[in-house]
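S.K.: Quick one: this structure, given as structure tokens, is what I'll be asking you about.
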Amino acid sequence: MAGSPTFLWLKGQNLVYAVVLCSSFGFLLFGYDLGFMGGLTTSPEFLNQFGNPNASLLGFLVSAYEVGAMIGAIAVFLIGDRLGRKPNNIAGATIVAIGAAIQTSSYSVGQFLAGRLIAGFGLGMCTTVIPIWLAECAMPKNRGRMMAMQLSNLIMGLIIANWVDYGMSFYAGSIQWRFPCALQIVFCLIVCCFMPWLPESPRYLANVDRIGEATVSLAALRGDHMDAEAIAMEMKEIQYAIAVEAEETGSWADVFKDGGVSGSTRVAIAFSANFFQQLSGVNVMSSLGPYIFQVSIGMSRYDALLVSGGLQIFYFLSSLIPWIVVDKAGRRRLFIIGSIGMGTCMTLSAIFVGIGTKGLGYAAAVVLYFFQTFFTLGWQSNMWIYPSELLPLKLRLRGGAIAVVSQWLWTFLVVEITPVMITNIGYKSYIVFAIINFVTVPFVYLFYPETSQLPLEAVDLLFADRENGQRPSIRQVVKDSTDKAFMAEVHATLQERARYGAESGEVEKPRAMAEVENAAMV
């Protein structure tokens with residue numbers, strides 16, 4: 001019997017934790033980059049260096065990062081699976097470091113914007129690929145918890161950013177804002193030094209026909225021998241899913257087509273998840289927290305920085321809750337609970353800020369703390385894992401890239417317009433976000449299938465043709481995904497088809513999905 005392979009002398013769940021740790025540094029960089037500009041927007045040294053920009057230009061200095069990230073996600077979409085999950089991540093971190101160096105050395109608005117765009121481009125690459133790499137390495141039973149652990153580090157990045165901004169606010173001179181810009185490079189170096197020693201995604205390796213390497217990665221991640229029956233069975237399931245998708249799909253354009261796997265529908269749902277997450281208003285607090293507390297609620301600069309720093313600590317503590325519940329409660333339920341809670345918090349903030357007394361201003365700040373709790377419970381880790389679970393392997397990277405384009409497109413919109421909204425319509429800004437959160441609830445209920453704890457290959461069977469070759473509607477898919485009897489049959493069918501394909505060398509299915517439906521009704 002062949003031995004159990006290791007990476008960095010680790011295997012099994014400990015190796016998965018190492019993958020989580022490495023990808024967490026990528027998301028810590030994400031959080032830091034989202035947060036450190038919030039303090040700079042109220043820094044006299046920074047504002048004087050760039051000619052005291054008005055609200056519109058200040059918003060663009062922050063949101064240019066999101067434009068770059070959107071372009072980076074598009075680049076991943078166009079490159080596709082040519083490089084692999086790890087090389088894409090390392091390239092992205094290297095580009096972020098270059099952009100950070102340009103920002104740190106800036107003396108003009110144009111140079112700073114160029115640095116923001118370049119760093120954003122690199123982060124767009126990282127945020128597209130990291131969730132896919134983690135989802136394809138983790139085990140189905142705790143995939144959501146692994147993502148929740150990773151996303152807690154995004155919040156740790158926000159905490160570091162806020163307290164670095166606060167600490168540097170006591171220093172005179174341009175170091176007040178240049179040091180926070182330069183600190184990005186440290187996190188990039190950690191990612192670039194750590195990631196090469198970890199396993200590549202076994203699903204990616206199988207997809208590019210590197211079956212031997214895929215088996216080594218999978219055996220190491222599962223902590224089992226390469227010739228173990230469980231490893232052989234999971235490899236068969238992966239290869240079966242690849243074979244089915246290869247018959248129906250062929251190019252990047254398939255993300256806009258049904259392609260026999262409901263590809264365009266699944267990409268649209270992934271796109272919408274990013275839309276609803278960003279339009280919830282979360283990046284108002286992540287990117288512009290000090291600005292909101294100072295301009296909208298009326299705090300002093302130092303109080304605003306302190307309250308914003310405290311908010312991120314509270315946000316981090318709240319992010320520990322999904323570690324426990326995300327794989328038990330399911331994706332749909334948490335999406336709905338989060339949206340109802342966030343909508344309620346935004347409504348209360350509108351009322352308190354609208355009345356305008358100092359006491360109610362502080363009450364609005366407290367409500368925004370609870371907003372972050374509902375966000376991390378419902379939409380933080382849940383949203384980042386959902387597209388990777390929902391999309392078929394052949395479209396996972398490109399479809400995921402389109403989903404991340406949605407993430408950065410709407411992040412850009414929110415960060416760009418928020419200073420203008422606060423200046424022009426005041427408390428009504430919160431009403432806009434409240435309405436969007438409440439509208440999200442029926443949309444999730446009607447159109448989001450449940451994917452929690454499912455093998456990634458089993459999700460394809462939810463969208464497979466049913467009786468007489470009929471393609472199920474999205475409402476039928478949603479209904480079936482919450483039917484335990486139906487899903488038990490889907491698991492059994494996946495294993496049977498994978499075994500049949502391995503024995504016969506064919507992709508032909510031994511059982512129709514109609515039989516699965518009939519079994520579920522018994």
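The backbone N, Cα and C atoms fix where each Cβ goes, and this holds for glycine too.
The transmembrane segment annotation in TrEMBL covers 15-37, 57-78, 90-107, 113-134, 146-164, 176-198, 304-326, 332-353, 360-379, 399-418, 430-448. The domain 'Major facilitator superfamily (MFS) profile' annotation in TrEMBL covers 19-452.
Just tell me what is around each of these and how deep it sits.
M.R.: Within the same chain, residues 33, 37-38, 41, 50, 88, 92, 95, 99, 109, 112-113, 116-125, 127-129, 252, 287-288, 397-398, 401-402, 404-405, 407-409, 411-412, 415-420 sit at least 6 positions outside the transmembrane segment (57-78) and bring their C-beta atoms closer than 8 Å to a C-beta of that stretch.
Within the same chain, residues 26, 29, 33, 49, 68, 72, 83, 114-126, 129, 178, 181-182, 184-185, 187-189, 191-192, 195-196 sit at least 6 positions outside the transmembrane segment (90-107) and bring their C-beta atoms closer than 8 Å to a C-beta of that stretch.
Sequence-distant neighbours of the transmembrane segment (113-134) (same chain, 6+ residues past either end, Cβ-Cβ under 8 Å): 19-20, 23, 26-27, 29-30, 33, 60-61, 64-77, 85-86, 88-89, 91-104, 106, 146-147, 150, 181, 184, 191, 201, 384-385, 387-388, 396-397, 400-401, 404, 407-408.
Long-range contacts of the transmembrane segment (146-164) within the same chain, counting only residues at least 6 positions beyond its ends with a Cβ under 8 Å from a Cβ of the stretch, are 16, 20, 23-25, 27-36, 38-39, 130-131, 134-135, 138, 179-180, 183, 187, 286, 289-290, 305, 308-309, 311-313, 315-316, 319-320, 322-323, 326, 376, 380-381, 384-385.
Counting residues 6+ beyond its ends, the transmembrane segment (332-353) has Cβ neighbours under 8 Å at 276, 280-282, 296-297, 322, 325-326, 360-361, 363-364, 367-368, 370-371, 373-375, 377-379, 382-383, 426-431, 433-438, 440-441, 444-445, 448-450, 482 in the same chain.
Remote same-chain residues near the transmembrane segment (360-379) are listed as 151, 155, 276-277, 280-282, 285, 292-293, 297-299, 307, 311, 314-315, 318-319, 321-322, 325, 334-342, 345-346, 348-349, 352-353 (criterion: CB distance under 8 Å, separation of at least six residues from the stretch ends).
Panel annotation: around the transmembrane segment (430-448), residues 269, 272-273, 276, 279-281, 284, 331-332, 335-336, 339-340, 342-344, 346-347, 349-350, 353, 386, 421, 474-475, 478 of the same chain, lying at least six beyond its termini, place a Cβ under 8 Å from a Cβ of the stretch.
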S.K.: Over the domain 'Major facilitator superfamily (MFS) profile' (19-452), what does the predicted model average in pLDDT?
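M.R.: Summing pLDDT over the domain 'Major facilitator superfamily (MFS) profile' (19-452) and dividing by its length gives 82.
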